[in-house]
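Listed features, source TrEMBL:
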- 77-97: transmembrane segment (TRANSMEM)
- 103-124: transmembrane segment (TRANSMEM)
- 176-195: transmembrane segment (TRANSMEM)
- 201-223: transmembrane segment (TRANSMEM)
- 323-348: transmembrane segment (TRANSMEM)
- 368-385: transmembrane segment (TRANSMEM)
- 406-426: transmembrane segment (TRANSMEM)
- 458-477: transmembrane segment (TRANSMEM)
- 489-513: transmembrane segment (TRANSMEM)
- 533-552: transmembrane segment (TRANSMEM)
Amino acid sequence: MDSSVAPVTIDNAHRQNPTKLSSQKKPSKGGWKAAFFVISVEMAERFAFYGLAGNLITYLTNNLGEPVVTAAKNVNTWVGVSAIFPLLGAFIADSYLGRFKTILASSVIYFLGMVLLSLSVSVIPMHSRKAVFFTALYVLAIGEGGHKPCVQTFAADQFDENNPEEKAAKSSFFNWWYLGIVTGASVAIVVVIYLQDNVSWAAGFGVLSGSLAVALAVFLIGIRKYRKQRPTGSPFTSVAQVFVAAAKKWRVSETHGGRGICYEDDRRGGSHVKGQTMGRDLVRTKQFRFLDKAMIIDDKDTLCKTRDPWRLCSLNQVEEVKLVLRLIPIWLGCLMFSAVITQLHTFFTKQGSTMLRSIGPNFQVPPAALQSLVGLTILIAVPIYDRVFVPIARKITGHPSGITMLQRIGTGLFISILNMVVAGLVETARVNTATKHGLMDAPKAVVPMSVWWLLPQYVLTGLGDVFTIVGLQELFYDQMPEEMRSIGAAAYISVVGVGSFINTAIISVVQVISSRHGNEWLGDNLNRAKLNYFYWVLAGLSAFNLCAYIWISRRFVYKKVENNDERVGEGKESGMGGYLDVKV
């Protein structure tokens, strides 16, 4: 490189073998002993979230008197906002507060929101109850915004990728992380929803408030064991610099106008913090070549005594922007999956409320409690996946994780199609049973069909989560630039939020079209509604979406780092390698 371009100072000591440096001394912080505290906190937070979300449509319809479609839209909107706010929370964490402080602040907000929610169903006067209830819901959404993107990333940060032992532990971390939060969600669905239906809503929400107080205390107990990443400033500034620099040099090439030299001397070695994962140099790739212009040194750069970051960017900086761009199509390809699983909190629950739910002479299964079947499926499937499927698949494919992350996500997308097909068939059987017994105009009557006919669609929902949700968690952690991992977690979470909004839009379109050609498909009387048709519409849209996802995945290129023979997160394969051709 021309000497007139001021290089960033590099600490050569940090250019040594990172594995050797990491292994010289056993770290006193981090690892599983710290991660367990964070997992416990997340379990409690999921306990609170699902204790509320799992039965929310029941409270809106039975206690606040909302129509089914309006209640479903309100649930979808709240879930969507709760999943969109993490983008703001992640930005604040990565840019200003750091993950630990963001988690602490958001946990306090979340706790206060739950206390307000408990008061809204108990001591607040009836004429103000609905307004206070919805205010509390969106205070909780703000708390979710800071909590969701940071907790998982903060827990994963406890494992040093440059330490072979900790890197191996992180390989299984995402499976066991998801297992932990599903445990919290499942217990909430069984215990809290029973309290809400059989004792009082105040008692149910009061238990949730208590769980959040305990979670906050547990999180503080482990404060001396955590590895804490420092905020690095706005990651969007670095992204913007690459686009601006590339635009300024849009006529420059390495052979025409440039000096045939790319600026590579940037680095993270000097900023490495002891006990934290050290940044790694990325290998130059051939995708999005128009961005490569940002790192070409031209005559104007040569004449400058100092590097202008808005005119000349490093190779690593450019490649990090490419990492973000590659994930956007995958994000888009998973939105329909989230639109499908949203039925879990809305129409699945309303279906169950019309069916036989008796166990013995005196006990009625709360319809929302059936969501625990999803958690039970995950509790069984995750260990089988981790301990049985992965070793077998590894022997066949040679891939360290058995199958690639994109293959795992794609499998879940296929399962979601089966889920909607099966749900439509079960709903058809339920309506036929209602017709046979003359119950078509008796929406509150119990259809003489066991609620356990819904078991397959709940199990398929759980299996889809094991593949797609866990796969998305790992992909958006592994493939994001290291200083943007909180935003990566928020981006994966926002899939659920945008999917909820898409589901609301589909409901609105279906209602408008069906009302023009007869009865609305999604009326308050499910016996007269055409919920099975709605499920099959979702199945068709999901099938189209899967085809688009496969096309996108075939063109995906995984992150690759210097001095590493395999691409990060994929072993020897790329994209949907194994059953799809790869274009690199």
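Using the three backbone atoms N, Cα and C, a Cβ is placed for every residue, glycine included.
Not measured: the values here are computed from a predicted model.
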Same-chain residues at least 6 beyond the ends of the transmembrane segment (458-477) with a Cβ under 8 Å from one of its Cβ atoms are 152-153, 156, 174-175, 177-178, 327, 330, 334, 337, 340-341, 344, 348, 370-371, 373-378, 381-382, 385, 405-406, 408-409, 411-413, 415-416, 418-419, 422, 485, 488-489, 491-492, 495, 569
Beyond a gap of at least 6 residues from its ends, the CB atoms lying under 8 Å from the transmembrane segment (103-124) belong to 41, 45, 48, 52, 59, 63, 89, 97, 132-133, 135-137, 139-140, 142-147, 150-151, 154, 200-202, 205-206, 208-209, 212-213, 215-216, 219-220
Sequence-distant contacts of the transmembrane segment (406-426), meaning Cβ under 8 Å and at least 6 residues beyond its ends, amount to 330, 333-334, 336-337, 340-341, 343, 348, 351, 453-454, 456-457, 460-461, 463-472, 475, 532-533, 535-536, 538-539, 542-543, 545-546, 549-550, 553, 556, 575-579
Here the stretch out of 77-97, 368-385, 489-513 with the most C-beta pairs under 8 Å to the transmembrane segment (176-195) is 368-385
Contact set of the transmembrane segment (77-97) with the rest of its chain, CB cutoff 8 A exclusive, min separation 6+ beyond the ends, reads 49, 53, 56, 105-106, 137-138, 140-142, 144-150, 231-236, 342, 345, 483-491, 493-501, 504
